[in-house]
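Look at Swiss-Prot and you will find 16-70, 17-32, 20-66, 22-30, 40-47, 44-59, 49-57 tagged as disulfide bond, backed by similarity to another entry.
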């Protein structure tokens, strides 16, 4: 169980995504296009960030699903 807890996201430890784009293939190929500051969500394995300050980061992982929206996680 190799969990890298060095850059733990401050928002929440659960991965989430508001802007998710999927192809119409079977299985679908989904990519989260959310831009986050300084880090990607906790389950992201390929995080690409700009060199600006603060860095704007996008997760480029391809999944066959979308994560739950981040906005709804504040209501429970």
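Cβ atoms are placed via backbone N, Cα and C, with glycine included.
Structural mapping of features recorded in Swiss-Prot.
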residue : record         : contacts (Cβ under 8 Å, 6+ apart)
17      : disulfide bond : 32, 34, 41, 59, 66, 67, 68, 69, 70
20      : disulfide bond : 30, 31, 32, 33, 66, 67
22      : disulfide bond : 28, 29, 30, 31, 66
44      : disulfide bond : 15, 32, 59, 61
47      : disulfide bond : 39, 40, 57, 58, 59, 60
49      : disulfide bond : 38, 55, 56, 57, 58
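Its own atom aside, the Cβ of residue 32 (disulfide bond) has 26 Cβ atoms within 10 angstroms in the protein chains shown. Annotation for the disulfide-bonded residues 59, 66: lowest Cβ count within 10 Å of the residue's own Cβ, 66. The Cβ of residue 57 (disulfide bond) has 19 other Cβ atoms within 10 Å, all protein chains considered.
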